[in-house]
């Protein structure tokens with residue numbers, strides 16, 4: 001089975017680099033000039049400078065060429081996934097689609113698996129998620145991810161196809177749990193970053209991380225996810241990484257909020273849109289998610305970090 005990665009950002013490029021260690025891989029960029037530069041210089045200077053592209057990796061802006069491959073990894077931001085699927089529906093028809101994004105669509109409240117099912121019904125789909133940074137994958141550092149697929153046979157095939165020497169995949173059929181874990185941790189990471197940025201200390205971050213994880217479990221259970229999925233790589237594992245590293249864009253965005261510093265809005269911060277989607281879901285479902293709701297308000301500028309923390313600390317006392 002042949003592989004193409006659609007999306008030449010940092011994560012898409014990193015996946016393509018890793019997979020090219022096993023055989024030919026196509027990386028598609030929607031920008032012809034970027035594709036030409038990457039193909040000629042053998043480097044993604046903009047997103048992953050200093051990391052060479054293997055000889056087995058072909059970069060192209062020709063979507064028809066890329067979609068001749070059997071398995072397509074969709075490395076696009078969550079809020080742009082539906083548009084890409086709709087725009088290129090004919091080219092994607094009949095292919096196996098693996099979403100490589102994390103988040104909840106703002107307008108619909110759906111995750112990547114549901115968006116793919118709604119946009120391209122009948123398509124065989126999966127989700128690649130878990131604790132990882134593009135630089136680590138591209139450098140060949142040991143990384144473990146979750147491959148979520150409702151079809152066990154397809155899941156086994158994809159697990160074997162996409163596992164590399166240093167990228168190990170664990171599979172699950174719980175696509176709901178894997179989707180929610182990868183999405184919700186970004187919201188909590190913004191809160192943890194804001195906490196540290198405002199100088200509130202590691203103890204406060206530990207409290208936010210732990211109580212945030214309780215919110216993740218609460219919503220996931222209500223949506224039908226299995227508890228063990230949230231305890232795995234796509235939930236707790238991703239949460240721990242994202243809430244503690246400056247390499248996380250969501251955590252860095254929170255740091256900037258806490259320090260009252262500007263942040264590059266051109267940088268994709270999935271947790272912002274997800275926080276607003278989660279706040280709406282919480283209202284619709286009548287579920288208590290105070291940290292996620294507060295992060296949404298904080299990202300809007302409705303609160304300062306100090307005001308947000310006071311609001312959380314002044315909530316009614318309860319059992320853990």
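Yeah, the Cβs are placed from backbone N, Cα and C, and that goes for glycine too.
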Out of 134, 138, 214, 306, which is the one Swiss-Prot records at the NADPH site of 11, 30, 102, 249, 270? 134
Sort out for me which one of 238, 270 has the most neighbouring CB atoms within 10 A, since those are the binding-site residues we care about. 238
With residue 134 (NADPH binding site) as the reference Cα, tell me which of the recorded positions 185, 238, 248, 250 is the closest one. 248
Using a 10 Å cut-off on CB atoms, tell me which of the binding-site residues 132, 248, 250 is the least crowded. 132
Proximal but sequence-remote residues of the same chain as residue 11 (NADPH binding site) (Cβ under 8 Å, at least 6 apart): 75, 100, 134, 137
